[in-house]
Amino acid sequence: MHIVVVGLNNKTAPVAIREQFSFGEQEIVDAMIALREEKSIFESVILSTCNRTELYVVTDQLHTGRYYTKRFLANWFNLEMEQFTPYLSIREGEEAIRHLFRVTSGLDSMIIGETQILGQVKTSFFRAQEHGTTGTVFNKLFKEAVTLAKRAHTDTQIGEMSVSVSSAAVTLAQEMYQQLEDKQVVVVGAGETGELTTLNLFEAGAKQIAVFNRTESKAKAVADKFKGRAHSIREIACGLLDADILISSTGAKEAVIGYDDVAAAQLLRRERPLLLIDIAVPRDIDPAVATLPGVHLFDVDDLNGIVNKNLEARLVEAEKIEMKIDEAIQEFQTWLVTLGVVPIMNELRARALDIQEDTMTSLERKLDHLSARDKKVIGKHMKSIINQMLRDPIDYIKDAAAQPDANVRIAQFIETFGLDVELPEQPVDEVEETDATSAKAPLRALMR
């Protein structure tokens, strides 16, 4: 069995292409079921987010698995394969496993180390599992991916460092004041950056947030989401009087907070500390205010230094996660290659159990004076002997499954132990495409 992922993401395709391959919440279940019914495909999970659409499949033949997954995309979205093939990313085997582990851990995201994708992968997997499109392989693989991602975030500091200017501004405020719950916070600007800043402040514990904007209705729309207050920017002088922290991010062409505004406020505030963070370009705050007593001014360049430093630190943490991924891949592949010899191991154990039972029956017949306790002790020791005798053969067959001449070794093993297990006449990868349908039914039963 082979694992294949076919998809496109923000690295391989522009948004104009990606938006054509978005699965809605209502259709994604039908899509996974339909994908699983394609030729040579035994399991399927579809991950569809704003930045990626990826189809994960378990297939018995790489070439047919790739082809029918691409054909499924073409048919589902009513497109010609040639239109989107240049934008596709196709990974197989170890690289497919590595890709899933990296995606789930946030290493393939636009913001390295973000955790939103972990929830999206979990949702996609649980949805597929609920509707029966996963089996033995993906049930194991996706659980391993989720467990690995959780461990990666708890064992490293990859998610603890701000890597956006707005989040860095909030981190800076926390470093200065430790707790934000009792601080008066002013956000100037109600655009995308202003709203994100307000969100970050709210999540950091700020409870007294005032949003100022040229259009008061826009300020209200943002403030209402986070239990804040809305004001026109014309009232900024009043905002400066109360503020402990002010973060500004308007799109104005010139400063909206002048030297005189801050100087007057500080005089009335008796020079109480005021943290001003200007994340606008052009700058919103006159840089001369930094000379005023009690004023601490930071601009976007100061924050970019923090962001770049944190990005470098995240990359160091990412290397630690990559090492964990290498270990997880090795463990999973070891499990995967032994999956095919599970019926052989089961047959060997069953044969040994039959011998044990026959021997025990013979002993009981010949030694009819044995008590129930005697029989229990003898049975326990016989089982221990059998388990010890089976250890080396089972280790051998597991190792044999991973060798280049696996089929020869497995055939010799079956013959040596006289097991009643059938091997395919040829490796699955060599089966002709026309034979895939007939082979699918028994293989699918095994994978379930």
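Cβ coordinates are placed from backbone N, Cα and C, and glycine is handled just like the others.
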TODO: With Swiss-Prot as the source, identify the stretch among 141-162, 163-184, 427-448 annotated region 'Disordered'.
DONE: 427-448
Task: Residue pair Gly191 (NADP(+) binding site), Thr49 (substrate binding site) - Cα distance, angstrom, rounded - done: 24
- [ ] Using C-alpha positions only, work out which of the recorded positions Cys50, Gly189, Ala190, Thr193 is nearest to Gln120 (substrate binding site).
- [x] Cys50
Open item on the list: Suppose the NADP(+) site is Gly189, Ala190, Gly191, Glu192, Thr193, Gly194. Which further residues of the same chain have a Cβ inside 8 angstroms of that site's Cβ centroid?
Closed with: Glu195, Leu196, Thr197, Asn213, Val222, Ser249, Thr250, Gly251
Task: Which of Gly191, Gly194, all binding-site residues, has a Cβ with the fewest other Cβ atoms inside 10 Å - done: Gly191
Task: Pairwise Cα distance maximum in Å, substrate-binding residues per record: Thr49, Cys50, Asn51, Arg52, Ser109, Glu114, Thr115, Gln116, Gln120 - done: 15
Task: Among Thr49, Asn51, Ser109 [binding-site residues], residue with fewest other Cβ within 10 Å - done: Asn51
TODO: Determine the minimum-neighbour residue: among Cys50, Ala190, listed as recorded positions, which Cβ has the fewest other Cβ atoms within 10 angstroms?
DONE: Cys50
